[in-house]
């Protein structure tokens, strides 16, 4: 029995270590929210999940060290819902950042960003007047456009050099006018009309060389924030997927070890417990994978139906809470 308790304790220790990248991802998003992304939403669920995994793992370690069956059971019970929440949250992040990206521009290395290329819940949140008032102020106060200026040995950057810079989505959308407006480059944040506008882009009239205004009220700036959010969320989601896979494997092994500990407490034959150990791991792992797979497929199909019949915000809410309930 002691060896199985040690196994559960070891798994809890590795689970504790896995909470570090989740918590780190939340802290990284929080730092981004205070600089360029400026949307304070996604980081808090990640931070809460990371802290929850840490606390639950410590409880599991204590249960394994003192052979406390209740703490072992509490670890398995709560960890199931934490894993389900992390899976649902990761899927939610992918769904809301599914659409939209920058457009390639001829003779430019950077991309231009257009709000019409984005849709769904995240776009509605960013473009909401109440939210954008705070987001726009955050982008301006972050000084991202002040930092865009460059010079080479004291010589200001030329237009040709600027056109072949790899600008971030926020720099491209908020710090310069859209390319199709036909403005002429003076420096990185000063542009003058250089010809007729190409296409009816309302952002052309919103551009202002006042460094406090620039294009912070342009649709391209909102699209740039969306593009930056998509990149940040996708990076963290990749880490979450890897962590989830490892967590599920650890969870299944811990379940099998806990079942054997229960058998020991119930005075069941040791040999029988050992013989069924591998079979139990295989069947439990298969059962959980099948449940998660069919749950995801069903809820994705249901979410697609909701998008067709209802608005995106309602559909995403149903998807997220429906997945956690199913799990």
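Any Cβ shown, glycine's included, is placed from N, Cα and C.
Just so it is clear, the model here is predicted, and its values are computed rather than measured.
Comparing 166, 187 with the features listed in Swiss-Prot, the residue bearing the annotation N-linked glycosylation site is 187. Taking every recorded stretch in 7-27, 76-96, 236-256 and counting its Cβ pairs under 8 Å to the transmembrane segment (44-64), the highest total belongs to 7-27. In sequence order, 149, 156, 157 are the residues of the chain that are 6 or more apart from residue 187 (N-linked glycosylation site) and have a CB within less than 8 Å of its CB. The secondary structure of residue 187 (N-linked glycosylation site), as reduced to three states from DSSP, is extended strand.
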